[in-house]
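Taking it in order: structure first as structure tokens, then the write-up.
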Amino acid sequence: MKLRQPMPELTGEKAWLNGEVTREQLIGEKPTLIHFWSISCHLCKEAMPQVNEFRDKYQDQLNVVAVHMPRSEDDLDPGKIKETAAEHDITQPIFVDSDHALTDAFENEYVPAYYVFDKTGQLRHFQAGGSGMKMLEKRVNRVLAETE
């Protein structure tokens with residue numbers, strides 16, 4: 001995805017965990033952080049406490065949605081996804097992308113990957129990999145400042 005592109009529709013899921021959200025619900029009032037992760041991704045698990053901290057710190061100002069992107073057959077087990085999500089305190093809605101519908105819509109190749117959309121649903125920041133949480137927070141704060 002390129003910057004300023006609109007958020008894709010959140011469709012094609014195998015399932016939703018922790019509730020379901022639509023693109024329409026995410027656009028209008030608050031910016032949105034969509035993060036891709038996988039149960040086989042060590043870096044994702046390492047970064048999750050920081051993502052959760054974000055979610056809790058900005059809960060009134062920011063929508064947070066997780067996308068589980070399988071990287072192997074083992075990653076397709078719904079029980080394991082649910083179990084890993086619980087172990088890592090992923091309480092935000094999780095789009096289970098077993099068929100890579102959202103992965104393809106986002107043109108995403110990485111986990112972890114982070115997409116920050118402003119309140120109008122335009123992509124404002126993208127980053128992938130395990131580092132750079134400070135950069136992510138900076139970008140989120142910038143988009144939040146525009147909302148006030």
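The first residue you see is number 1, and the count goes up from there.
Here the Cβ of each residue, glycine as well, is placed from N, Cα and C on the backbone.
Feature annotations, reproduced from Swiss-Prot:
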DOMAIN    2-145  domain 'Thioredoxin'
DISULFID  Cys41-Cys44  disulfide bond
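Applying DSSP to the domain 'Thioredoxin' (2-145) sorts its residues as follows: 52 helix, 31 strand, 61 coil. The disulfide-bonded residues listed here are Cys41, Cys44; among them, Cys44 has the most other Cβ atoms within 10 Å of its own Cβ.
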